[in-house]
Number of protein chains: 2
Amino acid sequence: MSRLLRVLPLGGLGEIGKNMTVVEYDERILVVDAGLMFPTPDQLGIDLVLPDFGYLRERADRIEAFVLTHAHEDHVGALPFVLRDLGVERGIPVYAGRLTAALVRSRLDEHRLKRAIQSVQELRPGERVAVGPMEIELIRMSHSIPDSFAVLISCPLGRVLITGDYKFDQTPIDGHPPDVRRLAELGSEGLLLLCGDSTNADRPGISPSEAIVGPQLERVFAQCKGRVVVTSFASNVHRLQQVLDAAAATDRRVSIVGRSMRKAFNIARTLGYLNAAEGALVPPHEIEDFPPERLVVLSTGSQGEPLSALRRMAHGEHPHVSLRAGDTVVFSATPIPGNERAVNETIDRIYRIGADVITPRDADVHASGHGYAEDLKLMINLTRPRYVMPIHGDYRRLRLHARLAEAVGVPPERIFVTENGRPLELDEQGARLGETVGAGVIFVDGMEVGDIEDVALRDRRMLSADGIFIVVATISGQDGRSVAPPEVLFRGVPFLTSSEDGFVEDLRREVERSLARAAADEVREIDLLQEQLHDDVAAFVYERLRRRPLVLPVVVEV
Amino acid sequence: MSRLLRVLPLGGLGEIGKNMTVVEYDERILVVDAGLMFPTPDQLGIDLVLPDFGYLRERADRIEAFVLTHAHEDHVGALPFVLRDLGVERGIPVYAGRLTAALVRSRLDEHRLKRAIQSVQELRPGERVAVGPMEIELIRMSHSIPDSFAVLISCPLGRVLITGDYKFDQTPIDGHPPDVRRLAELGSEGLLLLCGDSTNADRPGISPSEAIVGPQLERVFAQCKGRVVVTSFASNVHRLQQVLDAAAATDRRVSIVGRSMRKAFNIARTLGYLNAAEGALVPPHEIEDFPPERLVVLSTGSQGEPLSALRRMAHGEHPHVSLRAGDTVVFSATPIPGNERAVNETIDRIYRIGADVITPRDADVHASGHGYAEDLKLMINLTRPRYVMPIHGDYRRLRLHARLAEAVGVPPERIFVTENGRPLELDEQGARLGETVGAGVIFVDGMEVGDIEDVALRDRRMLSADGIFIVVATISGQDGRSVAPPEVLFRGVPFLTSSEDGFVEDLRREVERSLARAAADEVREIDLLQEQLHDDVAAFVYERLRRRPLVLPVVVEV
């Protein structure tokens, strides 16, 4: 007898990032990926944004396993937080490919989650493992990090394929093309549901092979007379390999700078995913003494991150390298949406120095890791799913992906564009969208993880926009009269000292008037007194400055 | 006898926005444009950013006139602030083309600068007027607002051409192509210096004519079955005209929504720059009753502005229109750098509703108002300047513009890439960059205009990132001992109530310890006591929360 199958996206829909999908059969749970997102500028002071995994917290004892498609932050970054929250002592297994497992273990180690490290289990493509009433299998795909897999979930009702991030690269750098044979088999045998990556659903044609980048890098390295700095994602091991190869071909040596770049490089090299001769490398502290025309610097900072090696080089704040006229900086990556400004600032800084910049707009020095429209259509035609649910993308891309599915013949009523927290429910009768569960966001702020109170963010917004006024009134416990002159302090309120000299005195008098009025009205309860002070001060400040800072009255009774 | 000619950019170099150039001959000053910029996200709570016009303030009695190239905010938006600061009673004349004059007068009226309104004088292209020892003349160019002009400044040393924003549109909507004949004349008679717009120096080829947009709009209007909403810049009168024409051709009527759109529409129509039959328009309150297939809504909001009509329509918060499935929204504009996120959010919101979106990536529904590389080369070849100084652009675009000048034969030593505050100085001996003058920014924050203290912005950043702790200690004036329990307040600090229940109590005890220590050490001076409290509290908070909020100790002596 078959039971309900529920596929519930907790993140990655209506947004780019924090991908996480729950697959639930007969009330047993498999979680595919646990990614994070970086905060938007209006999420003031927030460090990281995680999917709201409250649904999992309430059903922790039903979770059979996690499975990870690949090791990018938007697919694995939330895992340490989720595992700590659910309790590492549960020992919930985490299945992943070999490189993913290594990178995730290193991350769990940084989070001091030793018990969780032991739960990470390598799964080879094609190998099958039971997770409760389901069975999972990894199917090799190609993407901008090695060991990227689609996850096939089989249960008595049928099979679900969650593609992870992918493109159909016929000439991948590591020689492992996507397993189209297995995908075609699924199409023949029957696939119930396809949940496919929508990131590039808006791009026509087929995603270019990673292999196009190497010859372009080689051309740039050969033409540049000075140093070349290449910046890319540290995890893009294929790209790092191509930089090494292009450097070798043009008689340049490579120096790796930036903490995350060195770390990823070392892990990938140790596991054999990266092939670098010892003599090919130059330690960072020797960069400035090395002939510029024989050097390539491989650096973090492709997203304009404030503390990245590239940004520090551009501002003359890097211990080993300062950019100068004659250098060429190659951006071998495109900005993640939202990072455009930071990337443009970095580029402009480099131009200001007089160095040159090459971006993917100037030459093919980058290839996306995500399939374009024709890749997405090919995936549907190969796997011939009964139902399609676009995942990984903002609403625009989800809808465009749905249109592609229609274009290759999937009937519209079998295509489901849903949102975070709204599951697709499947049984013998068919498929339909179910009831929405809570699926907001969880913020990481310093050491704390939680559902940040709206009021704290609202306060931060007020503080950041207009600053704060603090008014301290000291009153007698006997008669409620003021016993010391009121103190007025402010922070983040500009211009006050220069152009409003009498303002603070006037405000202090206003506070005294307010206190006298309260005493006359016999307002003695501290709460009421503070409320009155707040309103009087806020009105006075608005009247004089046309600003609405946070006003904080403090009444001290002595 | 010839004297020193100084061309000093106060804004618009190393950035996109707040264009302002000072031209000074024999110590008499002409100011070309006075633009503003919108703040970046890290300029917390700032409303507007103006060029630092301290240089002008110190030399107010030497200013002969302002001249405005066209009526965009990045060229005229700072004018009310500058005129008020310099003193409207000076009656410094402001020269501008007819539409520019009308729009600027309306803006000065909003700022209640009646005296300044009278100083605005219309100048017709070709007409010459003396400004002290100089003479100015407007030369017609084409751009995305009618009446866009280059300014020719003649003085005994030679002629300077400041192009304003321009492209060479051979088929402009208003039938007034750029005056290439006059530009060629300058080339024959001799031009000393060309200061040219660099905005699109990075785009190859020639900037497409505004006329390409009309047929595309018509095609979209004809194909859409429901309502079409077109969003564009209110000031792009040519675009508004083409929307009106395309609507008429497809039997649709037009409704204008958004305050700035209605205002620009009315001014342009009154002055005859816009041709709209009375029957062509539908009042906004009739939109919902009007057959969708016969309606075009022309709206503000192309930059994703939070309070714009489009954004409110998309969130169901507009009094007259709510977007719904079946509607098509045409973005007839590209995002200004920095606005990408807001625009993408708006687009995604519209897709979520189920409405369709057409952007300039999907169809030619927008044409830039700025010349591409070939326009810039044509300008140099027409005017044959001795010296070239790229203006209006970030460093990247300024450098690319310099390369274009080199490509058409200007010797590199006659091309000057400078920065805000660093003048080009010319005399009979030649040209060179002079000493840098102060050229930061001036912020507008509420009612106040000024050189915001760094400390206020730094405080806002701390407040926005980590919130604030306020500690109030009440001590006896006799012995410095605490006479009331310390008060601890905080704002913008998340999670505290939920996960750190004992924290506030612990912090209060820490304050008491600190006070007791101070009393024992006989620290009696309030300043020293506050400093000690600050350090103790900050250390305690960091130890416990790993955050560095603003800590504000208040000591009340009773």
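These residue numbers are counts, starting from 1, taken along the chain as shown.
Heads up, the Cβ atoms here are built off N, Cα and C, so glycines get one too.
As annotated by TrEMBL, active site, proton donor applies to A:Asp197. When secondary structure is read from DSSP and collapsed to three states, A:Asp197 (active site, proton donor) falls in the strand class. Counting only same-chain residues at least 6 apart in sequence, those with a Cβ under 8 Å from the Cβ of A:Asp197 (active site, proton donor) are A:Thr163, A:Gly164, A:Asp165, A:Tyr166, A:His370, A:Gly371, A:Leu376, A:Ile391, A:His392, A:Gly393.
Taken from TrEMBL, the feature active site, proton acceptor covers A:His370. A:His370 (active site, proton acceptor) falls within neither a helix nor a strand when secondary structure is assigned with DSSP, and so counts as coil.
For A:Gly45, A:Asp47, A:Asp445, the entry in TrEMBL reads Ca(2+) binding site. Take the CB of A:Asp445 (Ca(2+) binding site) and look out to 10 A: across all protein chains shown you find 26 other CB atoms. DSSP classifies A:Asp445 (Ca(2+) binding site) as strand under the three-state reduction.
On its own chain, A:His143 (Zn(2+) binding site) has A:His70, A:Gly164, A:Asp165, A:Tyr166, A:Lys167, A:Gly369, A:His370 as residues at least 6 apart in sequence with a Cβ closer than 8 Å to its own Cβ. Following the DSSP three-state reduction, the secondary structure of A:His143 (Zn(2+) binding site) is coil. According to TrEMBL, the Zn(2+) binding site annotation covers A:His70, A:His72, A:Asp74, A:His75, A:His143, A:Asp165, A:His392.
DSSP gives A:Ser235 (substrate binding site) a coil state; it is part of no helix or strand. The substrate binding site annotation in TrEMBL covers A:Ala234, A:Ser235, A:Asn236, A:His366, A:Ala367, A:Ser368, A:Gly369, A:His370.
What TrEMBL lists as domain 'Metallo-beta-lactamase' is A:17-217.
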Hey, what's the widest CA-to-CA gap across A:Ala234, A:Ser235, A:Asn236, A:His366, A:Ala367, A:Ser368, A:Gly369, A:His370, the substrate contacts in the record, in Å?
17
Of these binding-site residues, A:Gly45, A:His143, A:Ala234, A:Ala367, A:Asp445, which are close to chain B by the rule of a Cβ under 8 Å away?
A:Gly45, A:Asp445
Take the C-alpha atoms of A:Asp47 (Ca(2+) binding site) and A:Asp74 (Zn(2+) binding site) and report the distance between them in angstrom, rounded.
14
From binding-site residues A:Ala234, A:Ser235, A:Asn236, A:Asp445, the one whose Cα lies nearest A:His72 (Zn(2+) binding site)
A:Ser235
Taking the center of the Cβ atoms of A:His70, A:His72, A:Asp74, A:His75, A:His143, A:Asp165, A:His392 at the recorded Zn(2+) site, which other residues in this chain have a Cβ no more than 8 Å from that point?
A:Asn19, A:Asp33, A:Gly35, A:Thr69, A:Ile145, A:Ser148, A:Gly164, A:Asp197, A:Gly369
Euclidean distance between Cα atoms of A:His75 (Zn(2+) binding site) and A:Ser368 (substrate binding site), Å
17
Same-chain residues at least 6 apart in sequence with Cβ under 8 Å of the Cβ of A:Ala234 (substrate binding site), in sequence order, are A:Gly258, A:Ser260, A:Met261, A:Lys263, A:Ala264, A:Phe265, A:Thr300
Inside 10 Å of the Cβ of A:His370 (active site, proton acceptor), count up the other Cβ atoms and send me the figure.
21
Mind telling me which of the binding-site residues A:His70, A:His72, A:His392 has the densest Cβ neighbourhood, counting other Cβ atoms within 10 Å?
A:His392
Taking only the Cα atoms, work out how far A:Gly45 (Ca(2+) binding site) lies from A:Ala367 (substrate binding site), in Å, as a whole number.
33
